[in-house]
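The annotation substrate binding site is assigned in TrEMBL to Tyr8, Phe9, Ala10, Tyr11, Gly12, Ser13, Tyr131. The domain 'Gamma-glutamylcyclotransferase AIG2-like' annotation in TrEMBL covers 8-124. Sequence annotations record features per position, and here TrEMBL assigns active site, proton acceptor to Glu87.
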Amino acid sequence: MDEHTVEYFAYGSNMNPIRLHSYRQVYFFSQRPAILRGYELVFNKVSPGNRDQEAGVANIVPRANSFVEGILYEVDEDGLEKLDLFEGVTIGHYYRTDVQVELKNGKTMSAQTYIACNDQIKEGLKPSKEYLGHLLAAKRMLSPNYANRLLAVETAD
């Protein structure tokens, strides 16, 4: 890792590298699978574009004996600033925090990720099929069991 780059752990729609690069204009130097232990993937974050609907987007919550698989991207500071903007850090949608993720070789490393702010959480939400498709775009980098868990998620539509 270059001294001017940051590791970013994506567990939601940013696992889709095309979305991250083309839509969000966040360029990454590398991508690799990673695991965040002690957390669970949920879809309880109110979608900013669907506040009146029951569609939720990804969030992580602490949960013992659970784990979240995702993609570890190496981005520069400009990319991290763009992510802060898209994730709504300045307007209270998500906050960025440091986590320890595990690589396939067992090595752990520090990474930045985003967790939904409490006032953006609503229980009972489900992702849209389109949104879930962004997570599944990274299927080849996920374990078969985790990919199957994502495929089994009930959607809002």
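Heads up, the Cβ atoms here are built off N, Cα and C, so glycines get one too.
Everything TrEMBL records as a feature, shown here on the structure.
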residue	record	Cβ within 10 Å
Tyr8	substrate binding site	24
Phe9	substrate binding site	25
Ala10	substrate binding site	28
Tyr11	substrate binding site	22
Gly12	substrate binding site	26
Ser13	substrate binding site	22
Glu87	active site, proton acceptor	21
Tyr131	substrate binding site	21
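Across the domain 'Gamma-glutamylcyclotransferase AIG2-like' (8-124), the DSSP tally of helix, strand and coil residues reads 26 helix, 63 strand, 28 coil. Counting only the Cα atoms, the space from Ala10 (substrate binding site) to Glu87 (active site, proton acceptor) is about 11 angstrom. When the Cα atoms are compared, Tyr11 (substrate binding site) and Glu87 (active site, proton acceptor) turn out to be 13 Å apart. In this structure, the CA atom of Phe9 (substrate binding site) is 13 Å away from the CA atom of Glu87 (active site, proton acceptor).
Tyr131 (substrate binding site) sits 15 Å from Glu87 (active site, proton acceptor), counting Cα to Cα. Classification of Tyr131 (substrate binding site) by DSSP places it within a helix.
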